[in-house]
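The domain 'K Homology' feature in TrEMBL is assigned to 48-120. Taken from TrEMBL, the feature region 'Disordered' covers 163-187, 221-301. Feature annotation from TrEMBL assigns compositional bias 'Basic and acidic residues' to 221-230, 253-262, 271-280. Residues or ranges marked as compositional bias 'Polar residues' by TrEMBL: 240-251. As annotated by TrEMBL, compositional bias 'Basic residues' applies to 290-301.
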Amino acid sequence: MDLIEGSLTVATTRQTWDPYVIIKARDVIKLLSRSVPYEQAIKVLADDTACDIIKIGSLVRNKERFVKRRQRLVGPNGSTLKAIELLTNCYVLVQGTTVSAIGPHKGLQHVRKIVVDTMKNIHPVYNIKALMIKRELAKDPELKNQNWDRFLPHYKSKNLSKRLKPKVITNKANKEYTPFPPQQTESKIDKQLASGEYFLNDSQRKARKMKDKFDNKVAAEVRRQEKRSEPFVPPKESSEAQTTKESNASQIDIEKFKEKVKTMQKTGFARSEDSIDGLKPKQNSNESRKLKRKNRNASHT
């Protein structure tokens, strides 16, 4: 171990009897550097066990999409990863932009295929189902040496982003025929020439732009203040309602007046005088007092 250079060197000794163990020791160091537990990394030293470090960082460019697909490989509470480990007899660890796998050579091939397909937007459930079917077919001695394609599920890819839309057919018969082409849209320079902005220098354009911005801000503030003061404005009473109330108060009921006249003709004018006065609109207190005084003076005389 060289701390200055940051490197680890693996070398054999005179007691080494397996020359390939130096490669296995290098793999153990690689696995330990990728946060694999020591108990799992030391299994690589066995003859029938190997390791595979799959780099998935360059398979997906978008970071958010990469995180989603990596989480899809792990599954909820690590259930998908556990199913892959049980079917392939391998130890799988997802760490950063790499996937470390330890197990037999056949299982490592299946793990690599599942990981690469998952990062290519193929759900790992499909590959897990295929592995389960292959595992059951391998137990049957008759089907052991036959082609298993007819038993494996086949899925078609669905591109949901490109949905079929109904073609809108326009009725050309309703349109009027015009031999002239449509009017050309005004360019930015044409609009500047029409408004006179084209002949202004940079400082004048900037001042004009700031003035327009300030005017828009003032207008928006006025509208905001009006909107805030709306609840505090009293509602206007309609003039028609007031006039109808006054006219109704001053009007005398004609039917009642006719009945009073008939009773007056029968009983006499003097007795019905009070009832007729009741039909008249009410007078003020001052006017009533004056009338009482006149009546008193007339009675004394």
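Glycine is treated like the rest: Cβ placed from N, Cα and C.
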Notebook entry, point to check: If you average the pLDDT over the domain 'K Homology' (48-120), what number do you get?
Noted result: 92
Next item on the list: Tell me the residue counts in helix, strand and coil for the compositional bias 'Basic and acidic residues' (221-230), as DSSP assigns them.
Entry: 10 helix, 0 strand, 0 coil
Item checked: Secondary structure tally of the domain 'K Homology' (48-120) (DSSP, helix then strand then coil) -> 40 helix, 17 strand, 16 coil
